[in-house]
Amino acid sequence: MGSPAVDRTEIGEASTLIPRSGPHGGAYVSGQSSPIVESVDQVRSSSLTSRISRTSDRYASMVIRRESTVSYGDEAYRVPLSLKYMLVFALIGAVARIRSWGPFPVFWFNALGLVPLGVLQNHFTKSLTNAKATGLFLFHTILRNAVEFAIAISSLYMAKYSVLKAFLLGSIVCNQLVVPGVHYVMLSFEGIEVEPDTEQLMSESSMLMLLICTSFVVPTAVSFSMFDQNRVLWLSRICACLLLGLYECILISEIPRLINRDEEQQVDSVNDFFEDEEIFYDAEIGARPAPNEMRPSVAAILLILTMTAMCFSCSSLVSSIDGAAMALRLPVDLLAFAALPFLGNTTEFVNVGISDAETRNSIENAVGSAILVGLLIYPSMVVVAWVFDRPFTFSVSLTEAVSVFMTCAISNYVYGKESTIWIKGTGLITAFLVFCVGVAFQHI
């Protein structure tokens with residue numbers, strides 16, 4: 001027997017549930033003397049809605065996170081069809097490496113294949129965290145930079161330290177300059193002059209970015225002095241431990257807020273059950289996910305397969321970067337600094353395309369990714385190299401150190417300056433191009 005339909009009406013400031021009809025043909029209308037159910041406990045006490053109560057209790061335990069359509073809403077964030085077609089490049093890239101077609105086709109086919117793989121990986125991770133508790137939100141935050149992790153581990157394994165340094169530094173610079181710059185330029189093309197509020201975001205992230213820049217500048221300055229390089233190595237390891245400790249402190253401080261958000265979403269999920277007709281089914285069968293939501297088991301399997309393919313593509317990319325740079329007659333560090341970060345930040349660039357003009361979500365995600373690279377990925381590589389006795393340090397070239405430090409200064413200046421978004425966007429992108437030219441001239 002089907003469950004009675006339920007109307008949700010607003011009485012004052014309280015949201016109540018009023019049955020339209022019962023099994024005996026009775027009907028209740030707002031304003032008349034009728035039993036109004038104001039909470040889930042009162043629903044259980046009514047024999048008319050006892051089965052609805054049991055179903056809603058089961059559905060409430062699912063803890064479906066309802067986020068805005070700006071960041072990763074279920075309706076807004078869908079993998080574009082063109083990106084799905086680009087998966088053929090990942091397959092061709094794998095064949096190119098196995099059949100030894102040469103470094104140039106291996107590099108570019110795998111580079112194009114990483115674009116849809118990164119988007120799909122983020123989509124499956126998001127589907128998995130939607131169906132579970134928000135404790136997995138931290139898992140999603142880390143996996144959002146899975147491409148950076150895969151390329152970094154592959155570079156460290158192959159002992160390509162200059163490629164690793166240039167790539168991670170380029171990722172920080174790209175997240176701070178290019179992603180917000182593209183966001184501003186797209187808004188200006190659409191004729192929108194509403195600037196996202198980034199003042200609080202910059203005040204929260206500026207100190208962290210300053211610490212990250214210091215971790216690069218100090219070992220680089222020491223390496224140019226007369227000190228022994230062994231001291232640079234130990235100084236880098238100390239900086240890595242401090243940054244990882246800072247990241248753990250930030251992580252622990254965020255856990256209570258995430259738990260509180262879980263509790264609020266558990267309460268809201270009961271009301272969402274009655275709002276969403278796609279999820280409402282017969283009470284004897286129970287609540288089931290909406291058609292546009294992926295089952296957790298399917299999402300987990302697809303995530304594992306996507307991560308496996310992505311790691312293989314990243315390994316192929318790193319192994320062939322020298323030959324690709326030689327074919328293009330470009331410095332290897334320039335290719336790692338300017339091209340590879342665009343592959344690692346595919347998710348951030350996709351977010352720019354679906355972000356609302358009045359929000360700062362795309363900028364917030366990009367700045368968060370830059371901080372994650374500086375606080376977690378780069379220090380983790382230093383610690384892993386320490387464990388395996390490899391000389392990977394925070395010491396970089398002078399141009400790269402200046403680029404990271406100037407990125408922090410330019411981003412804070414541009415975000416805090418009152419100007420048109422067109423000028424801000426072009427200024428941020430131009431700064432990135434200037435840094436790329438500096439890296440190129442360094443190796444000429």
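Just so it is clear, glycine is given a Cβ too, placed from its N, Cα and C backbone atoms.
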Checklist entry - Given 78-99, 166-187, which one carries TrEMBL's transmembrane segment label? => result 166-187
Next on the checklist: Pairs 6 or more apart in sequence, C-beta under 8 angstroms, 3 or more of them: is that satisfied by the transmembrane segment (105-124) and the transmembrane segment (298-318)?
Outcome noted: yes
Checklist outcome for this item: Best-packed against the transmembrane segment (395-415), counting Cβ pairs under 8 Å over 207-227, 298-318, 366-388, 421-441, is stretch 207-227
Item to check | Surrounding residues of the transmembrane segment (166-187) on its own chain - C-beta under 8 Å, 6+ positions past either end | outcome: 148, 151-152, 155, 193-194, 196, 209, 212, 216, 332-334, 336-338, 340-342, 344-345, 348-349, 352-353, 355, 357, 362-363, 366-367, 369-370, 373-374, 377-378, 381, 396, 400, 403-404, 407-408, 410-411, 415, 421-422, 424-429, 431-432, 435, 439
Checklist outcome for this item: Under 8 Å Cβ-Cβ from the transmembrane segment (207-227), and at least six residues away from its ends along the same chain, one finds 169, 172, 176, 235-236, 239-240, 242-243, 246, 370-371, 374-375, 379, 393-398, 400-401, 404-405, 408, 411
